[in-house]
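Trainee: One structure coming up, written as structure tokens, with questions to follow.
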């Protein structure tokens, strides 16, 4: 009894700290994640995969999608970004959601030069595993390909010489319902494949 009287203040402080610790732990562990905002409706498209099959926005609905626009002759950002995405592919495979609840889509905005063979070589050179939840798509209309990339939020301008492009290096995340939920600056030095996998997992669970 004397002990309790003597140390009552310390015991009260300890109990208060313990209670606050439990409260903070519970609120952090069970606090629901804030949903990603809906930015805009993803544009419709009709393209072909490397086997000549038609792929549309509607045919990929029901999965969280990662969309990236590139061109195979890109001298700088496209190859390292595609390599980064190969690591994302591995991460999504480990999570067991690639091809079922999540899909990756790379679209060329240079279909005149990016033939099926060129795209396959580009993909393999940058460690993309084809036919494993990662579609490489192309169309036949060069201007339509540029417009589609712009509609997805990736600005593209063809050089005056007609041999290259100036473009935003952007990864677009689309939810199962076909709505754009996030734009990711692919050239951000702090960007990691793990963070992209985490975002895709969130969308796949919705």
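Sequential numbering from 1, following the chain as shown.
Yeah, the Cβs are placed from backbone N, Cα and C, and that goes for glycine too.
These figures come from a predicted structure and were not determined experimentally.
Sharing the feature lines straight out of TrEMBL:
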type     : residues    : note
BINDING  : 74, 78, 167 : Cu cation binding site
DISULFID : 74-78       : disulfide bond
DOMAIN   : 36-205      : domain 'Thioredoxin'
TRANSMEM : 12-30       : transmembrane segment
Trainee: For the binding-site residues listed here, 74, 78, which shows the highest count of neighbouring CB atoms within 10 A?
Mentor: 78
Trainee: Over the domain 'Thioredoxin' (36-205), what does the predicted model average in pLDDT?
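Mentor: Averaging the confidence scores along the domain 'Thioredoxin' (36-205) gives 96.
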Trainee: Residue 167 (Cu cation binding site) has how many other Cβ neighbours within 10 Å of its own Cβ?
Mentor: 21
Trainee: Please list, in sequence order, every residue of the chain apart from 74, 78, 167 whose Cβ lies within 8 Å of the Cβ centroid of the Cu cation site.
Mentor: 69, 70, 71, 76, 77, 81, 165, 169
